[in-house]
Amino acid sequence: MAEAFPPPAPSPMVGVVMGSQSDWETMRHASDLLTELGVPHEVRVVSAHRTPDRLVSYGREAEGRGLQVIIAGAGGAAHLPGMLAAVSELPVLGVPVESKALRGVDSLLSIVQMPRGVPVGTLAIGAPGAANAALLAAAILARQDPEIRDALAAFRARQTGSVPERPI
Ligand code: RP5
């Protein structure tokens with residue numbers, strides 16, 4: 001069974017948003033990494049198609065609630081990141097969730113091909129993209145936040161240390 005959403009942080013800096021409960025298996029990789037780096041965040045299900053009003057309120061209210069970055073994951077005709085970028089001036093990082101029919105290529109193209117003027121920073125398909133979205137969000141926040149900068153540096157050092165020089 002999939003893990004439950006983490007309890008909301010008191011003052012979240014990052015919003016992790018997904019189009020469906022079924023995206024959580026992918027998007028938890030973003031949430032887990034933000035937790036590991038000590039980045040306060042919240043997790044929400046917001047569908048561009050099924051809950052359009054929720055999408056507009058979430059995007060419009062995000063900055064005023066103190067969020068600094070939105071990570072949005074969706075699959076198929078994945079409008080969620082682009083629509084959030086349309087109603088918010090926060091940086092939006094898009095994660096293409098792997099779809100059954102087209103293995104996430106549909107999600108990737110839907111998210112990456114934003115017309116000029118409303119950007120979405122698009123990551124790789126699936127769990128690696130979700131994890132990298134968290135690292136990129138942390139890197140953005142780290143410019144102003146020494147604790148996050150240190151946590152990110154420590155993460156990178158651990159990662160470097162875990163790579164053996166020769167295959168085991
Ligand atoms: C998208 O449709 C969601 O982001 C999800 O990836 C996909 C399928 O959703 P479900 O039918 O599993 O709810 O909106």
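Cβ coordinates are placed from backbone N, Cα and C, and glycine is handled just like the others.
Keep in mind that TrEMBL annotations are predicted by a computer and have not been checked by a curator.
Per TrEMBL, the features are:
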BINDING   S20, D23, R50  substrate binding site
DOMAIN    12-163  domain 'PurE'
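Overlay of TrEMBL annotations on the structure.
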residue : record                 : contacts (Cβ under 8 Å, 6+ apart)
S20     : substrate binding site : V45, S47, A74, G75
D23     : substrate binding site : V45, G73, A74, G75, V97
R50     : substrate binding site : none
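Close to the recorded substrate site, the chain also has M18, G19, Q21, S22, V45, S47, A74, G75: residues not among S20, D23, R50 whose Cβ is within 8 Å of the site's Cβ mean position.
For the binding site of substrate, formed by S20, D23, R50 according to the record, the largest Cα to Cα distance is 14 Å, rounded to a whole number. Reduced to three states, the DSSP call for R50 (substrate binding site) is coil.
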